[in-house]
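Remarks on the structure that follows.
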Amino acid sequence: MTQDELKQLVGQAAADYVIANVPEGTIIGVGTGSTANCFIDALAAHKARFRGAVSSSVATTARLQSHGIPVFDLNDIESLPVYVDGADEIDHGGAMIKGGGGALTREKIVASVAEKFLCIADASKVVDVLGQFPLPVEVVPMARTAIGRRVTALGGVPIVRVTKDGAPFLTDNGNEIIDVKGLRITDPRTLEAHVNAWPGVVTVGLFAARGADLCLLGTQKGVETIVYPNR
């Protein structure tokens, strides 16, 4: 199977999981990206079972609404039974790098409210040590250079994310992103807390303090379910 086919496979598996494990009439959290889009597309056939969704980005909101799935503001929701999202990398303990699509802050906010984080990914995203995928850091624009110096001091290579026309990429929150290359992240929880404490950082794309509870992993043999018991 191609990578796109694996994404569709786990997207359908996630929809099946939600249907089987989440009570009817509830609201679910939905992430951002190509794998999350496959989940949205698979969930659309069963949208009548749920009140709707909380979205992690403008793009996801548009995708949900295109299927007629109601989108709720997180401020109006007390809790979410599950948050479903992909990952750029995931280690064997359920810690992830996320933010390749630029929605890391809203993804982290929605995930923090959910009772369960269901990660959906293909097998290529599983790593022994996080860091081969550049680590996104969302920053307030005026802090970009200062944060870049801190990243360099850690041994990373900071690269400001730009659009196709060379302008700084802006998140849905109006901030910029520094993608950090060259890190070998052996202690993701500690690094997450450390970088998040820097003035000017909105959030870092490490999801370790609130990592995945389980992962539906697309492989050439089918979907593998991985549970992270220490979460």
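Yeah, the Cβs are placed from backbone N, Cα and C, and that goes for glycine too.
Pulled from Swiss-Prot, these are the features on record:
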- Glu107: active site, proton acceptor (ACT_SITE)
- Thr32, Gly33, Ser34, Thr35, Asp85, Gly86, Ala87, Asp88, Lys98, Gly99, Gly100, Gly101, Lys125: substrate binding site (BINDING)
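Most Cβ neighbours within 10 Å among the binding-site residues Lys98, Lys125: this distinction goes to Lys98. Around the Cβ of Gly100 (substrate binding site), the same chain contributes Gly33, Asp88, Phe133, Pro136, each under 8 angstroms and 6 or more positions distant in sequence. In the three-state DSSP reading, Glu107 (active site, proton acceptor) counts as helix. Sequence-distant contacts (6 or more apart, same chain, Cβ under 8 Å) of Asp85 (substrate binding site) comprise Gly29, Val30, Gly31, Thr32, Gly33, Thr35, Ala36, Ser56, Lys98, Glu107, Ala111, Phe117, Leu118, Cys119, Ile120.
Between the farthest pair of Cα atoms in the substrate binding residues (Thr32, Gly33, Ser34, Thr35, Asp85, Gly86, Ala87, Asp88, Lys98, Gly99, Gly100, Gly101, Lys125), the distance is 16 Å.
For the binding-site residues shown (Thr32, Ser34), fewest C-beta neighbours within 10 angstroms: Ser34.
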